[in-house]
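Listed in TrEMBL for this protein:
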- Arg24: site 'Transition state stabilizer' (SITE)
- Lys31: site 'Transition state stabilizer' (SITE)
- Arg163: site 'Positions MEP for the nucleophilic attack' (SITE)
- Lys219: site 'Positions MEP for the nucleophilic attack' (SITE)
Amino acid sequence: MTGIDRPGIDRLWCVVPAAGRGARFGAERPKQYVELDGEPLLIWTLRRLAATQRIAGLMVVLAVDDPHWPKLESIAGKPVLTASGAAERSGSVLAGLHALPESVSEDAFVLVHDAARPCVLAGDIERLIEYGVPAGGALLAAPLRDTLKLGDRAARVVATEPREARWRALTPQMFRRGELTMALEQAERDGVAVTDEAMAMERIGHRPLLVEGAESNIKVTTAADLALAEFLLKQG
Ligand SMILES: Nc1ccn([C@@H]2O[C@H](COP(=O)(O)OP(=O)(O)OP(=O)(O)O)[C@@H](O)[C@H]2O)c(=O)n1
Ligand SMILES: C[C@](O)(CO)[C@H](O)COP(=O)(O)O
């Protein structure tokens, strides 16, 4: 029996922030609705998540008046709910946390996963839950593989930085619903822009566990990333 098969670890809801504009991608519609092999990017992401046994349901956070959302109520037998997002990703995540069903207690762990990461592996999500629950919260992350340079405004190297112990934050990230809500609200009150859930938790004294995830869990940010995502999705 593996850790994740242990009774007592419930299935988790996943908040999927999908309210961004995709400015860096530069398409005529938000990048989560750009088609990849005939289906919007967002649908690929939701399918991957829904296929993960430990995921109970999906809370998709959409831009206000999103005209593209296909009004799904379920996917692969998992309920799909929606909420309206905010100007920043952190505000969209917060809106999703507030809109979760009442059955998701404050103590329950929830996942947060970018709509823009369609290639996440079910196995990585399972490991995140397996190691993250006993650790009190965790995120998928990839250790830095390249040599790291500090540059100046003219793109001249100022220094070569140590790469040991440096990780790139991925998603999903997993924390207790109540704690994460509190952490994101605190960051908002303090006027601090947090770029991921872990950063909000770190600010209130948590030390989230880094769980190594696949490098293939890319975030589709620019148009060039889309072809890579398509290739990776075809690998299964
Ligand atoms: N106000 C926002 C901004 C972002 N996101 C979501 O957060 C994820 C990661 O954000 P990013 O890749 O930066 O997406 P965009 O904000 O859309 O991209 P850009 O910064 O290029 O506009 C995406 O799934 C995006 O839809 C969101 O829900 N609400
Ligand atoms: C949460 C995230 O995907 C971790 O890498 C990332 O920070 C979100 O992207 P953004 O460009 O900062 O919105």
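Placed from the backbone N, Cα and C atoms, the Cβ positions cover glycine too.
Shown here: features listed in TrEMBL, placed on the structure.
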residue: Arg24; record: site 'Transition state stabilizer'; contacts (Cβ under 8 Å, 6+ apart): Thr221, Thr222
residue: Lys31; record: site 'Transition state stabilizer'; contacts (Cβ under 8 Å, 6+ apart): Gly20, Gly22, Phe25, Leu41, Ala116, Val220
residue: Arg163; record: site 'Positions MEP for the nucleophilic attack'; contacts (Cβ under 8 Å, 6+ apart): Leu144, Arg145, Asp146, Thr147, Leu148
residue: Lys219; record: site 'Positions MEP for the nucleophilic attack'; contacts (Cβ under 8 Å, 6+ apart): Asp114, Ala116, Arg117, Leu170, Asp225
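In this structure, none of the recorded sites Arg24, Lys31, Arg163 sits close to ligand 2 with a C-beta under 6 angstroms from any of its atoms. Secondary structure from DSSP puts Arg163 (site 'Positions MEP for the nucleophilic attack') in coil. In the three-state DSSP assignment, the secondary structure recorded for Lys31 (site 'Transition state stabilizer') is helix.
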